[in-house]
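According to TrEMBL, the active site, proton acceptor annotation covers B:D163. The ATP binding site annotation in TrEMBL covers B:P111, B:L112, B:G113, B:A114, B:G115, B:L116, B:G117, B:S118, B:S119, B:A120, B:A121. Annotation comment: TrEMBL describes B:4-37 as domain 'Galactokinase N-terminal'. The annotation domain 'GHMP kinase N-terminal' is assigned in TrEMBL to B:83-171. Feature annotation from TrEMBL assigns domain 'GHMP kinase C-terminal' to B:237-301.
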Protein chains: 2
Amino acid sequence: MVTSSAPGKVYLFGEHAVVYGEPAVPCAIERRVHVTATEIDEGLRIHANDLQLDGFTVEYTGDGESHPDVDVAESLVEAGMGYVNEAVAQARDAADAPEAGFEISVEGDIPLGAGLGSSAALVVAAIDAATRELGVELPASEIADRAYQVEHEVQDGQASRADTFCSAMGGAVRVEGNDCRRLDGIDTLPFVIGYDGGAGDTGALVAGVRTLRDEYDFAADTVAAIGDIVREGEAVLETGDYERLGELMDFNHGLLSALGVSSRSLDSMVWAARDADAHGAKLTGAGGGGCIVALDETDDALTALKYTPGCEDVFRAELDTDGVRQE
Amino acid sequence: MVTSSAPGKVYLFGEHAVVYGEPAVPCAIERRVHVTATEIDEGLRIHANDLQLDGFTVEYTGDGESHPDVDVAESLVEAGMGYVNEAVAQARDAADAPEAGFEISVEGDIPLGAGLGSSAALVVAAIDAATRELGVELPASEIADRAYQVEHEVQDGQASRADTFCSAMGGAVRVEGNDCRRLDGIDTLPFVIGYDGGAGDTGALVAGVRTLRDEYDFAADTVAAIGDIVREGEAVLETGDYERLGELMDFNHGLLSALGVSSRSLDSMVWAARDADAHGAKLTGAGGGGCIVALDETDDALTALKYTPGCEDVFRAELDTDGVRQE
C-alpha cells in the first residue's frame, strides 16, 4: 500500500491567453489530493471518500461493467472514474504490468471543478502511488507527461499541460505551448483563495474568447497584452516585489474581464480582497465562476472574503514548492 | 430674461484613451441644465436652486469681492461660480458688451460631479442664455468653442473638448484631439444610468492611467485597444445593432478596469445591468466611482439597479439629439 499526494494550482498569470501560445504562470498551492494504491488480484476498485463530495465506491469487474455505488451527480463520478482508470492504465504501462489489479482510495481538500486543478492532482498522485505500489519510481517529469496523456484522453483532447506539469513539479512554473519549466528561486507566495461555490463552463468560456479574438483585432491585442503581463510578471517574480506582482494581477484580471470570462461573484470577491489591501487579486482558471486568487500576507483579505456575500469558501494556500510526493 | 438649456452626456466609448489622441464617442442625454439670464445694471448675481444641492446665491459686487450666501461645500460653490463667471465673460465678449450686468439662475437635474457633464452643460447653457439676453445668437459650434475656453480656464488647462462640444451640439459625437463632429443619423439610444452617489478623483485617475501607460507596453496597448473599440463602435452605431454595441461597451469596461479606473460599486452596477440582460454596460467618465451607463430598452436593468446595494440613483436617459436650445 502506497500513498502519494499532489498539489492543486492557481494561475498567477496567463489563463486563456495560454491557449494562443502565450506563456502562463500556474503555481502549485498547499492543497493536495491524496491517493492510496493497493495492489489486488485483478480489476479496479475506487473509493473516493472526501473529494468535497459524498463518498462513493466504484468497482470494475471482469465483465467490463462498472458498478458505482453512489449518491452524487453521475457526471462527477464518471469524470473521477475516468481519470483514475486512465491513471492506473498509465501505471500498468510504466511498470509493464498490464494485468495488475488495484484498490484506489482518494482523499482531497481541493474543491472539485473550481479551477484549482483537482483532476490533475488526482491523476498525478494516482500515477505515482500505483507505479510505486508496483515497485517502480518514475521521475516527476515523466509523471507530468503521463498525467497529461490521461487528461488529454479523458477531456477529449482539450487538456493543457499546465495543470499536470504544475502538480507534478510543484512551485511556480512557466508554460508556453508544450514547453514547461519550473521557475527557480520562488519559495513563497502568500495566496488567499476565494471560491463562489460554482464553476463556469470551461468549453463555452474558451469558445467565447475565441469568437471575440476572431472577430475583433482589439480582442486579439488583449490576448497578446496578457502574454506581455506574463513576461513582465516572470521578471517581477524574481524580485519578490508583491506590490508590483499585485498590480500585474489586477491588470490581468481586467483584461480577462474584457474578454468576458469574469462574473459578478468573481468581481465581487476581487474587490473585497483589493479593498482589504491585498496587493492584487484576479480570477484564476477558466472563469465565469469558481475561484479568485489574492496576494496578501496579512489576514485582512481572508477576513474580508469570509464576510463577502457570494464567497462560499475562503482559505489561505501558500505556494507549495513540493510537487508529487510519497506520503 | 432668456432661459436656455443644454444636455449632460455619457461616454458610449473611449474615455481616458481620448487623452492620448484616440477617438471617443460621448452622447448627449435627456438630462439638462437650465440657465436663465436677466440683464441688470451691473455686476453678477448667481442663484443655483436645484443643482442637486441646496440652493445658494452668490452676489458679485463692484468691490470685486463675492459674497456667497451658502450652505454647501465651498469647493462646489466656488466651482459653480467660476464656471458662471467665465461663461458670462464669454457672453460679454461675444456681444461686445463688456459692462453688462447679469442675474443668472441655474437649475438642473444632472447629478453634480458624477461624470455626466454637468459643468459643461451649465457653461453651454449660460453662454447661450446670456448672449441671447444681449441680443446676440451664436451658432452652436461657437458656443461649444467658447464653453471649451471656459472649462480650459476654470480647470487649469485640464479640459477636454468632448463635454462642451457634445452638450452644445447634442446627439452622438466623435471627438479625436481637437477634431469634434456630430455622428449623423443616430436618433435613439436607450441609456440607463446608475449612480453610486460618489465621484472619483479625476486628476488622480488620469495620472494613474498615465503612470501605467508609461511603465508598461501592455498598458499602452490597452489604451490603443480602446481606440480600436471606438472605431469599431462608430461603424456599429450606424447599424443600430444594440447587441454588438453592448458587447463593445462590455469590452471597453473591462479595459478600463484593467487600467485601474473602475471601482467596487461601478462593477457591481455594471453586473446588475448585465445580469438583467442589458445589451451591455460600462462605467462612464473618469471612473473610480460615479456613474455607469447601460444599454437597455426594457425596464429590467433600471429595476435591477434600483435594488442594487451601492446604487444611489438610477434613471433612464435617452440619447438627446438636441444640443443647447432656448426654452
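Even glycines carry a Cβ here, placed using N, Cα and C.
Listed as Cβ neighbours of the domain 'Galactokinase N-terminal' (B:4-37) (distance under 8 Å, sequence separation of 6 or more from its ends, same chain) are residues 51, 91, 102-110, 116-118, 120-122, 124-126, 128-130, 132-133, 160, 162-163, 166-177, 183, 186, 189, 191, 193, 205-206, 209-210, 213, 223-224, 226-227, 229-231, 233-234, 237, 245, 248-249, 252, 256, 259, 261, 284-287, 291, 293, 315, 317-327. Same-chain neighbours of the ATP site beyond B:P111, B:L112, B:G113, B:A114, B:G115, B:L116, B:G117, B:S118, B:S119, B:A120, B:A121, judged by a C-beta within 8 angstroms of the site's C-beta center, are, in sequence order, B:G8, B:I110. Annotation for the binding-site residues B:P111, B:G113, B:G115, B:G117: lowest Cβ count within 10 Å of the residue's own Cβ, B:G113. Between the alpha carbons (Cα) of B:S119 (ATP binding site) and B:D163 (active site, proton acceptor) lies a span of roughly 9 Å. The most crowded of the binding-site residues listed here (B:S119, B:A121) is B:A121, judged by how many other CB atoms sit within 10 Å of its own CB. Residues within less than 8 Å, Cβ to Cβ, of B:D163 (active site, proton acceptor) and separated from it by at least 6 positions along the same chain comprise B:K9, B:P26, B:G117, B:S119, B:A120, B:E151. According to DSSP, the secondary structure content of the domain 'Galactokinase N-terminal' (B:4-37) in residues is 4 helix, 24 strand, 6 coil. Regional average pLDDT for the domain 'GHMP kinase C-terminal' (B:237-301) in the model is 97.
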